[in-house]
Amino acid sequence: MYPSREDIGYDFGDDSKVGSKPIKPNPNIDGGWAWMIVLSSFLVHILIMGSQMALGILNMEWLEEFNQSRGLTAWVSSLSMGITLIVGPFIGLFITMCGCRKTAIIGGILNALGWILSAYASNVHYLFLTFGVTAGVGSGMVYLPAVVMVGQYFQKRRALAQGLSTTGTGFGAFLMTALLKYLCREFGWRNAMFIQGAISLNLCVCGALMRPLSHKDVNEKYVVRRNSENNQAKALSHSAETLKSNGVISEETDKKEEATNEEVLDSVKHIETEGKSRSGKSMYGLLVLKTASQLTVTVRKGFGIWYSSYFGAASLFTNRVFVAFVIWALFAYSSFVIPFIHLPEIVKQYNLSSQNNIFPLTSIIAIVHIFGKVILGIISDLPCISTWNVFLMANVTLVTCILTLPLMQTYISLAVICALIGFSSGYFSLMPVVTEDLVGTKHLANAYGIIICANGVSALLGPPFAGWIYDITHKYDFSFYICGLLYLVGILFLFIQPYIGKKQPQEKSTEEEQV
């Protein structure tokens, strides 16, 4: 068991009053439109993550076209993948101000623009800006809302829903690889990128499907989840009273902000009333002023919430388990990416190319990865199973496979290890669920933005780091060992942090009774 969002100290209002009334379940939570959200997220993973896993096709075309070094050319793909995740915290600000739907639609347009502009690239540095930055930021603006919306619409089947939606990555890797191969062969890489840009506009359709829940629906979900968590209050690792003193957002500050915002709008309304007797030009100016004032209020309020989540009294970093989660994310993603990079060379080194050509080891990882996400999601949703424990066991299995893979020298043994890597890495579908359990749905966008930002740093620096180790040692084994040990350190943080500073059960129960 690990601390829930109450451990951070966020105040979700007085649930005692609401909980005493009978709550009519919303048909769109865990059903109805919720499955359209899963479909939307599934398509987003196909178009974004699937496309990024198929960039090896375009990388070969860029090497032939621009005659640059492999290291320099590889930074195009690395930038795109890394920036997609690194911009997570800033996308959280957009979601706070504009909502998931608008953020995703804008991101879809930006992503498509990046693909289309890249078709006119004259050198690799041009691709850094158009594909690495522009398309990468657009991808991040769609990816984060797709994950957050699934968390908002599901309560009982969150792990299964996230598992189904994230399987789009595996399907997309196969579909986009075949599509880009065909387009490059028939039309050339420039026209292929132009066509892919047009296809990416479907991300706007996926964003349009992200219909936001009403405040009433969200409050009902909070009450249902809070009631279920209260039954397990004795198992919490921290005192609710102590943690609330560290993290509660000041209600007085909120009231002051609301009063200031109301004053601004009231002044605009007063000016608007006086302007009714004026000419049409004056009315148009007042309309512009009113719109600008409302936009200013929205931006100020959204930025205030975003800032307090990271740096204020209720900062997410006041939760030690969440901090450990971020440290873990800094090392985790590179350990999953490295096998895709070095396995072909290892197969060649062991003279297994003929067998690998029949059924590539990387394909084994991708296929089993799809099933791993769904199966781990189903297991985590069982009432007697802890999602946190499933998450930890999957991580332990993955790091064990990473450390033992260099010892395998036959195709069968490598295939078994690769299958275990693919299955255990299915824990990626549990990351949003674990994050939501830690901070709650309200703060999921900002919190998960931090997690994927840490993953982005890992994805950006991990492969070059592994290549640097190979240049020094001239062995691929050390890349797996060093990255695996760093990954193991991150996992140890997850095991240790929930128990640091834990109070005695008697003190905790006494404080809970007082609360």
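Note that Cβ sites are derived from N, Cα and C of the backbone, with glycine treated the same way.
In TrEMBL this protein carries:
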- 37-502: domain 'Major facilitator superfamily (MFS) profile' (DOMAIN)
- 33-55: transmembrane segment (TRANSMEM)
- 75-96: transmembrane segment (TRANSMEM)
- 103-121: transmembrane segment (TRANSMEM)
- 127-148: transmembrane segment (TRANSMEM)
- 160-180: transmembrane segment (TRANSMEM)
- 192-210: transmembrane segment (TRANSMEM)
- 321-343: transmembrane segment (TRANSMEM)
- 358-376: transmembrane segment (TRANSMEM)
- 388-405: transmembrane segment (TRANSMEM)
- 411-434: transmembrane segment (TRANSMEM)
- 446-466: transmembrane segment (TRANSMEM)
- 478-496: transmembrane segment (TRANSMEM)
Leading contact stretch, 103-121, 411-434, 446-466 vs the transmembrane segment (160-180) - CB distance under 8 Å:
411-434
Any contact, the transmembrane segment (127-148) to the transmembrane segment (358-376), with at least 3 Cβ pairs under 8 A:
no
Would the transmembrane segment (358-376) and the transmembrane segment (446-466) count as touching if the test is at least 3 Cβ pairs under 8 Å, pairs 6 or more apart?
no
Integer mean pLDDT for the domain 'Major facilitator superfamily (MFS) profile' (37-502):
77
Taking 3+ C-beta pairs under 8 angstroms (sequence gap of 6 or more) as contact, is the transmembrane segment (192-210) in contact with the transmembrane segment (321-343)?
no
Cβ pairs under 8 Å only, please: of the recorded stretches 33-55, 75-96, 388-405, 411-434, 478-496, which one is richest in them relative to the transmembrane segment (103-121)?
75-96
Same-chain residues near the transmembrane segment (446-466), Cβ under 8 Å, at least 6 residues beyond its ends:
71, 74, 78-79, 81-92, 96, 143-144, 147-148, 306, 309-310, 316, 322, 325-327, 329-335, 337-338, 341-342, 431-432, 435-436, 438-439, 479, 483
Is it true that the transmembrane segment (321-343) and the transmembrane segment (411-434) have 3 or more CB pairs under 8 Å, sequence gap of 6 or more?
yes
Recorded stretches the transmembrane segment (478-496) and the transmembrane segment (75-96) touching, at least 3 CB pairs under 8 Å:
no
Under 8 Å between C-beta atoms and at least six residues away from its ends: which parts of the chain pack against the transmembrane segment (411-434)?
147-148, 150-151, 158-159, 162-163, 165-167, 325, 336, 339, 343, 346-347, 352, 355-356, 359, 361-362, 364-369, 371-377, 380, 387-388, 390-391, 394-395, 397-398, 401-402, 404-405, 444, 448, 451
Same-chain residues at least 6 beyond the ends of the transmembrane segment (75-96) whose Cβ lies under 8 Å from its Cβ atoms:
48, 52, 55-56, 58-59, 62, 103, 106-107, 124, 127-128, 131-133, 135-137, 139-141, 143-145, 148, 302-303, 305-306, 309-310, 333, 445-446, 448-453, 455-457, 459-460, 463-464
Distal contacts, the transmembrane segment (388-405) - CB-CB under 8 A, six or more residues away:
1-2, 328, 332, 335-336, 338-339, 376, 379-380, 414, 417-418, 420-421, 423-427, 430-431, 434, 437, 480-481, 483-485, 487-488, 491, 494-495
